[in-house]
Amino acid sequence: MADSRVFTDPTRILAGIISRIRLENFMCHSNLEIELGDRLNFITGQNGSGKSAILTALCVAFGSRAKGTQRANTMKDFIKTGCSYALVHLELRNQGEDAFKHETYGDLIILERRITESGASTVLKNYQGRKVAGRKEDLQEIIVHFNIDVENPCVVMSQDKSREFLHSGNAKDKFKFFYKATLLQRLEELLKDIDNQLDAAIEVVGQLEKSVRPVQLELEELEKKIKSLEQVEEISQHVQLIKKKLAWSWVYDIDRQLIEKKNLIEKLKKRIPACQKKIDEQNEEVKRWQDKLGEKRQHIDSIFSKTSEARRQRADLEQSLSLAKKEKTQLEVEHERSTSYIQKIKKRGKSLAQHIHEIKAKHIMDTQDEESEMEEEIKKLEFEVNEAYSICQRLKEEDDSILESMTSLRGEIDGILKQIETIERRNSGIRADIHRLQMNMSNKVTVFGGSRVTSLLEAIERQHQRFRRPPIGPIGSHLTLVQGDMWAVALEGVFGKLLNAFIVTDHTDFLLLKQCAREANYNHLYIIIYDFSRPRLNIPHHMLPQTNHPTAISVVHSDNHIILNVLIDMGHGERQVLVKDYDTGKQVAFDQRVSNLNSVFTSDGFKMFSRGSAQTILPPSKNARVGRLSGSFGNQIEDLEQEALQVQKQLQFLRGKKRSEEETFASLQHKSTSMKRKRQDAERECSSKKLKLDGMKRSFASESKSTQTSTADELHRDLSKVQEEINEKEISLENLELKLVEANSKVDNLKAIITDLCNSTKEDLNSLKEAEEELGQMEAEKNSAEMSKKHYETMMSTKVLSEIESAEEYLRKLEEKRKEDCKKASIICAESELDALGDDEVDPEKLSAKLRNLNQRLERETQRFSESIDELRMQYEKKLRKISKKQQTYKAFREKLDALKKALDNRTDKFQRNASHSKRQLTWKFNGHLSKKGISGRTKVSYEDQTLSVEVKMPQDASSGSVRDTRGLSGGERSFSTLCFALALHEMIEAPFRAMDEFDVFMDAVSRKISLDTLVDFALAQGSQWIFITPHDISMVKHDERIKKQQMAAPRG
């Protein structure tokens, strides 16, 4: 059943039969070589001679495991005791039409299995003994080709299998033997395995068909999008029409401006004669006043010549008067200095006289007991000096204690001052925040840059025609919070100055916005250049932080997708995670190792991030503008006012404390000043007493009499010198008094002369003064005329001519712009096409507004789809082709699987039919073999119960018609019936050779003779190579050239 090849010609040489077996160190054999015939081979020998080892070697050579032979546990157990290896050498015939790779192996295939302590290896050689292959796969290929199955009990029935088979009366064991021998078991396993694989394949195809369903849904969605975009295309066509009209409307608007500007130039040119007339009139007025000024200057010159001599004399007299006054002042100073010096000298003379008198009186009063009195006085002074010194030390200690208290108190006052300054700054900041929030309540835009933003927006509005796309900003004014004010502080830390930024579409708009910022006095404006045509960014889920906490971009909303794109591209808002508290932030930032995470921000403003091994936590910024994204400004103002009230209370408390400390400090300062004064007085008194003590000690030690005499003489000489100096100075003082009287007289005379001279020239001087005043008025009138002339000349140059020139220049620019706009408009469409477009609207402003509305609508519609309609159509066609191809492929898979399933069902039906046929064939063949001994019987096979029973009817039971089970037979009868059962199985399988060991056990002589004849006839008729191993005598086997008998040597003692 397993092979289509049927050996029907018993005379032909079969491929795959064994011609030679050689064993080295295998089990009990040191070196055994057996040549086998092509048909029947009988091997006999005593027990222990190694007959069964030959079948074991066959099994090992063809790949059986050691345990499968039931003769050893491991391959190394087959090595003969005392040897290092074992070798099994087989030679297989490879001739005829069934030869295996004859061109490679030739007529003979040599199979060698070498067994060592470390393992076993197989080598395949050709007929010349050259190695051809050595892999298991090569051996398996030969086994499959020749249909050699050594584990099939009908191919190789070892001694153990024979005994087990002959002794077994179990129906399930017989069924297993039958099921395995007929290869039905292998076929069933193969069919089940194929069925399982088909089920798995069908499930895979089902999953593939399910995987196509989302693509079908995508196709349906694409169809909806294409229909929507077709409407967008209609809007786009309308926009193109408006653009054509707008292009020519700008040309017509310039034509209108040209007419207006030409009329203005004509009007300005008419103003030139009137303005020139005014200039000529003022020029005549200036000349008239210049003539009058010339006459008045001549009159003043004549008066000035008359009074010039008097003025020269007066100037000389005034100079002499000044010198006289200076001389008088010097004499007065010298007189005062001399008088003071004389008084000082006289005072010194009196002091010297008094000193002389005291020395004389003292000399008279000295007595003999002067020394004892002096010693008592010195002791008294020493006691007073010591007492004064102790007072000084005590005062010094008290002063140091007061200074220390003052230093400590000054430190406390300085600390209070610093607190007051800090709280005042805080109070100012709160007031500024309240003012800012109050402004924000009236205009939210001012939150993001103050009043400068308003000025900037006004400048942008004035220049809006020059922008290619209107700037967007400030960014913060376009944002709203999704979850209320919960994340306002955190988002301030995330986006920061980005909230004040403006967005433009290209560099040209960037430069224009910078110009607007300069006009609005908005320095350092943050401008972002971003492509407005980019669609809304959709971040894939796997690129977002893998956490349950929200990201910054998820808690803000904006109607403009460009704002959100900038927050993602510039602010990385999709990777900034927001958490409620500090501890949760640390877990997310440092412990959880969240992928795609940039930073973590807490609701109160802390920022946490890790870069490599460094972990960083930044506190909330003190300068952060909190609450800019918040919508509840009223609540914030109330909170800030409450906070300001608390701050005011703190300030009042600290100021009161400061006043108290300052009063205490002033009291200590006053006390310190008083203490220093006392200390200085005590130190002076101590020093005075100490000096007095030292002087007394020196005077006590000197000679009183000689000293007194010498001192009096010196004082008399000094007194004489002083008296002489006084006389000289008094004489000099009298001379100074005479000079001073003369200087006073000179000054009075000069003053009288000057007064007389002024009276004589008073009338001429008054006339000169009046003339000079009139001259000043004339000059003022002339200057006024010149200013009027200059005014009209300036008006002519700056107002009239300048305006004419600028108007003409603007006219030239308009003409150039008209040519350029006309050229551009002609590129867009010909002017003749305007009539066909219809709609008489030509106002560019209205057309621009209409176009802007259409563009906004088009942008809104376009934002819904990131792809163009062509891309969607291409995607639709691509997906349709892809899904069609897949559907066709999956359909082909399904058809093939259905065909395979059908084929498998057919095979299964065929298998069941063959199994049923095999069951009947087994009974027929079994009964045929039994009939040779006059016995009849049958087999009962149940595939459901997996049982096989054998029933035999002996000749002596023919009259009764009863059938007995084999367990009721004698040993020989049971062995013969079992042999017939085995032969019936042999007829149902194919193999190049078969081997049976101890097949005739438990048989008597008659049964053995019948069994041997049956086996020989069957083997000769069947055509395969047979190997029979038995310990019994085989002399009764008939002689035939196809039968080869061999005797094994007796075992050694």
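Each residue, glycine too, has its Cβ placed from N, Cα and C.
Summarising the annotation, TrEMBL assigns domain 'RecF/RecN/SMC N-terminal' to 18-1042.
The coiled coil feature in TrEMBL is assigned to 180-239 (among others). When averaged over the coiled coil (180-239), pLDDT in the model lands at 79.
The coiled coil annotation in TrEMBL covers 265-334 (among others).
Among the features that TrEMBL reports, coiled coil is placed at 364-426 (among others).
Residue counts for the region 'Disordered' (662-687) under DSSP (helix as H, G, I; strand as E, B; rest coil) come to 26 helix, 0 strand, 0 coil. Among the features that TrEMBL reports, region 'Disordered' is placed at 662-687.
Look at TrEMBL and you will find 712-824 (among others) tagged as coiled coil.
Under the heading coiled coil, TrEMBL lists 851-910 (among others).
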Chain residues in Cβ proximity to the region 'Disordered' (662-687) (below 8 Å; excluding those fewer than six residues from its ends, i.e. six or more beyond): 385, 388-389, 391-392, 395-396, 398-399, 402-403, 405-406, 409-410, 413
Whether the coiled coil (265-334) meets the coiled coil (712-824): three or more C-beta pairs under 8 angstroms: yes
